[in-house]
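The structure appears below as structure tokens.
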Amino acid sequence: MEVKEALFMNRGEGENSYAQNSSFTQKVASMTMPVLENAVETLFSKDFHLLQALNVVDLGCATSPNTFTVISTIKRMMEKKCRELNCQTLELQVYLNDLPGNDFNTLFKGLLSKVVVGNKCEEVSCYVMGVPGSFHGRLFPRNSLRLVHSCYSAHWLSQAPKGLTSREGLALNRRKIYISKTSPLVVREAYLSQFHEDFTMFLNARSQEVVPNGCMVLILPGRQSSNPSSMESCFTWELLAIAIGELVSQGLIDEDKLDTFNVPSYFPSLEEVKDIVERDGSFTIDHMVGFELDTPQMQENDKWVRVEKLAKAVRAFTEPIISNQFGHEIMDKLYDKFTYIVVSDLEGKIPKTTSIVLVLSKIIG
């Protein structure tokens, strides 16, 4: 099965769903709202007299309440600018994008209960539609978007990195599912190469879709360290690999399935992201910063409660692609193992996560 068919967050609204276990990305989105507000204000300052409608896309929207916050923030800022500039009523067209496997039903069910859609009596009329497809390619007509937003999505790769088997067909990243301290250099290079290729495709597609002077607000999980095997970027996948390895030892998973599985994700450094944007040359970097955050689970004093909540959050975004490789029937055992490993080996300590915030403007010309 291709990545685009297996990569999505846990569906529905149950106890293991992404909708119920996305508090960390909600925290990140909340902290970066001032950046989005400033981006909307900047759009009006550039060419507000030309605006009749603002076309916006949220790429990789999943089913998180983040999407509702993004729409409400943009709508509120548009209403504010309309009052300040005494301009005509504007329309807000929002496209919600994710891969076809995303639970758009749950997304729109929540959206209709939280965001006023299509109300002509408001200063800004809001219209929303879903756009399934991969953001690594074109999704919209040329020069049709003024604002692109994406939170914790652009780090996902279009496929597992190429070149992770030897000439003899042997796995080069044995007993691991991502970069680790024991991974050979070729694994690190393969992951960076795949991210470079995919993020370049992402930028190229958006450069055709975004109008001149339009902008993008991108938030990615990343790392402060230059070392891609640092714990801040490898924590989740490293411990899941250990948990899967224990299930292999118990005969519940075939070892070959572990050795041949590599997660299609990459946590870049700020320097790597900056280098790719500058090499592409379609956008200027208006703002770029990295910041660290504790996970919300760290607020829990009891380490078992803390880690059990962490395991649910991890399960919400990893289970679909993990179960596609290893089978649905062992998922409960796997995440129980994950919980036990974090508590027993790390005493419930969870490293901080680095987020990269990037504001890009489309170059005129």
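The backbone N, Cα and C atoms fix where each Cβ goes, glycine too.
Annotation source Swiss-Prot lists S-adenosyl-L-homocysteine binding site at Tyr18, Cys61, Asn66, Asp98, Leu99, Ser134, Phe135, citing similarity to another entry. According to DSSP, Leu99 (S-adenosyl-L-homocysteine binding site) sits in a coil region rather than a helix or strand.
Long-range Cβ proximity for Phe317 (caffeine binding site), meaning a same-chain Cβ under 8 A and a gap of 6 or more residues, is found for Met9, Asn10, Tyr18, Ser22. DSSP classifies Phe317 (caffeine binding site) as helix under the three-state reduction. The caffeine binding site annotation in Swiss-Prot covers Thr25, Tyr152, His155, Trp156, Phe317.
The feature site 'Involved in substrate discrimination' is assigned by Swiss-Prot to His149 (among others), with similarity to another entry given as support. Taking the Cβ of His149 (site 'Involved in substrate discrimination') as reference, residues of its chain lying under 8 Å away and at least six apart in sequence are, in sequence order, Leu36, Val56, Val57, Asp58, Leu59, Val70, Met216, Val217, Leu218. DSSP assigns His149 (site 'Involved in substrate discrimination') to a strand in the three-state reduction.
Under the heading Mg(2+) binding site, Swiss-Prot lists Asn173, Asp259, Phe261, Asn262, citing similarity to another entry as support. Counting Cβ atoms from all protein chains shown, Asn173 (Mg(2+) binding site) has 27 others lying within 10 Å of its own Cβ.
Sequence-distant contacts of Pro221 (site 'Involved in substrate discrimination'), defined by Cβ-Cβ distance under 8 angstroms and a gap of at least six in the same chain, are Tyr152, His155, Ser233, Phe267, Thr353, Thr354, Ser355, Ile356. Pro221 (site 'Involved in substrate discrimination') falls within a strand when secondary structure is assigned with DSSP. As annotated by Swiss-Prot, site 'Involved in substrate discrimination' applies to Pro221 (among others).
If you take the C-beta of Ser265 (site 'Involved in substrate discrimination') and look for same-chain residues 6 or more apart in sequence within under 8 angstroms, you find His155, Trp156, Leu157, Tyr178, Trp237. Taken from Swiss-Prot, the feature site 'Involved in substrate discrimination' covers Ser265 (among others).
Under the heading site 'Involved in substrate discrimination', Swiss-Prot lists Ala313 (among others), citing similarity to another entry as support.
As annotated by Swiss-Prot, site 'Involved in substrate discrimination' applies to His328 (among others), with the evidence given as similarity to another entry. His328 (site 'Involved in substrate discrimination') falls within a helix when secondary structure is assigned with DSSP.
If you measure from the Cα atom of His328 (site 'Involved in substrate discrimination') to that of Ser134 (S-adenosyl-L-homocysteine binding site), you get 25 Å. If you count neighbouring Cβ atoms within 10 Å for each of the recorded positions His155, His328, the highest count belongs to His155. Apart from Asn173, Asp259, Phe261, Asn262, the Mg(2+) site neighbourhood in this chain, defined by C-beta within 8 angstroms of the site C-beta centre, holds Ala160, Leu164, Ala171, Arg174, Lys176, Ile177, Leu258, Thr260.
Among the binding-site residues Asp98, Asp259, the residue whose Cβ has the fewest other Cβ atoms within 10 Å is Asp259. Between the CA atoms of Ser134 (S-adenosyl-L-homocysteine binding site) and Asn262 (Mg(2+) binding site) there is a gap of 20 Å.
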